[in-house]
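J.: Handing you a structure now.
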């Protein structure tokens, strides 16, 4: 508050009375002097003494003058100076018990709305003014009404001294207003006389000036809807005459609002934001999506309660109704579980947030208690595209907070698998708590759980502490981000003889010719062995020592599963690609040409009677994302003419690997489901898919095929081309590309260049021939620097690292 110096109204100075004679005359000894007229100043007779008095009091007077001057200056600079204020915006709602909602009040353009909103705004202003907040009042607005006892939605602005800004939180402001509503004051204000305001129903939220700007921009297309229980309410699309719209959604207080958004196009630039409030409050943002969101063509979003705001903003190139909106009110779901696990190591179940896969609610709190059968086991949580990491306690978790064994972890989205391993130290199990700390949420979280042996967490493999995954060890590929799986290796990507630790190449193991000193490479070739990096796992989960036993004409598994699904990998006839030669008809019967409107775009490979595999980056452009656009040709030789043996198919479904990242080309694989089955022939048949343990040896010669350009910058080839390339060690390739090569990639080519894939070959197959004569799919043409440049190899998607996803989609 201003501070002032209170000055006296008058100052009384001390005076000295001059003694008077009894007769009223002057000094008797001065008879000759005449008396001075009344009122005229008569100087004292002793003037020297008086001057000495002035001199004596001068320092005191100067000190007094200085003090007065200093006081005036302090008053001016400290008290008189205007205080710095900040505009604090609040948004909220209140219920009026003696008013009821009508359809007219739901339309902002109606006379009833304008009249009632003016009265309600006056009531709100009077309510604020009746508290100590009235000194700071700036402006207010009632912008909408809702169902039930009439609900008023409003905002108001207070100009608050800066030093008080933090003291007037929404909670404090609400308390002041509620106290006034509950008081017994005899005021004639309308909030006491005309409106019966429910104090318990008052909601105050923090807002900003920008929130009001966004709200005002939508008032030309403002739509209020009340959602009854059990009702699925379709919402009218945006008004294309405006640039933004707002859907104000409200339901019963004991239910949650759930919005479903489905994009109808793949190439729009519109933005849709959803808020956990009646208005577009940035601090209550749940999620925001842009550009038709190809990654999430359909999404369902939960509010924390009975209100939600959805705001649409037109893109640069807008289309009529680029999305469909619907809403319903749903009950709160319990998220408390107690589970007792069995003493086995396979996946035993899953935990998930309410209404998964819907976005979890901003009010989500889950508590899961899991009990293990003994302390021999630890608990593993398996996440998909979601991971946990430690976070400073003064920072909020934006994608969910996890509390596990007194450890605080924050969730975050990632395009990688992740496992959280929890060692058991107490027999009563572990409690896992998941909480949403802020309004911003994300897709529902689902986590699978299993047990692991604490003394041997990854039998035959390496436990990567960075992500909790079991990865192959000493196979020449750094699967763990810190590379520890490839350290201290005696025989990297080779077999180690037991007797003298000699290293021999894997193809020489179980080939009926002893290479180790005591023949250990030929032992246990007809019986089960512990599973490891290069052992083949049969369907009965037993493992065989022989490398690459699948489809070699010899049954190695006891259940014969290594020789199942072997109608693949055989060429129909015996007999671009930079540096390549023309192929013969039927030489590569799995080769596919992916076309749009008669134009070859990418290559691919047939892997089953209704499935073609290719590269995911072929579909990264919005204009190429719809499966309806594509036609797949099989048995084709020339692009400008049809052969008797070629057939064509439409694409019914398109699957991109969920971890595919456009910038890095990681997980660059896609599957196309054909509209009808393929009839195999001499010119059309599938290539063999490798097992996860299949070993493609560096230095091995393989082949790539396609209709791509025969030189960098050149036109695509009319005739199917083929070229042989050599598989390159992973560390050599990674070094050439400055360590941008992931474990899901492999390299092939030559140091001198010349032989390589090029533009138009993307998604085409890299195939390698096994001693059995069958061809296996080792890679898919993905990326590279130029075409056939020296010291830069071609980079391919490593099929063995994505085979689990492929099999999952196919089955």
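Note that Cβ sites are derived from N, Cα and C of the backbone, with glycine treated the same way.
Keep in mind that this is a model prediction, so the values were computed, not measured.
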J.: Please identify the range among 1-48, 49-96 that Swiss-Prot labels region 'Disordered'.
T.: 1-48
J.: Using DSSP with the three-state reduction, classify residue 516 (disulfide bond) as helix, strand or coil.
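T.: In the DSSP reduction, residue 516 (disulfide bond) maps to coil.
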J.: Least buried of the disulfide-bonded residues 464, 489, 702, going by other Cβ atoms within 10 Å?
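T.: It is 489 that, of the disulfide-bonded residues 464, 489, 702, has the fewest other Cβ atoms within 10 Å.
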J.: Near residue 474 (disulfide bond), which residues of its own chain have a C-beta under 8 A away, given they sit six or more steps off in sequence?
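T.: Correct list: 485, 486, 489, 490, 491, 492, 493, 533.
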J.: Using DSSP, break the domain 'CUB 2' (323-440) down into helix, strand and coil residues and give each count.
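T.: Tallying H, G and I as helix, E and B as strand, the rest coil: 0 helix, 65 strand, 53 coil.
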J.: So if I draw a 10 Å sphere around the Cβ of residue 747 (disulfide bond), how many other Cβ atoms end up inside it?
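T.: Summing over all protein chains shown, residue 747 (disulfide bond) has 25 other Cβ atoms within 10 Å.
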J.: Provide the three-state secondary structure of residue 489 (disulfide bond) computed with DSSP.
T.: coil
J.: Work out the three-state DSSP category of residue 474 (disulfide bond).
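T.: In three-state terms, residue 474 (disulfide bond) counts as coil.
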J.: Any idea what DSSP makes of residue 618 (disulfide bond), helix, strand or coil?
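T.: Helix, per DSSP.
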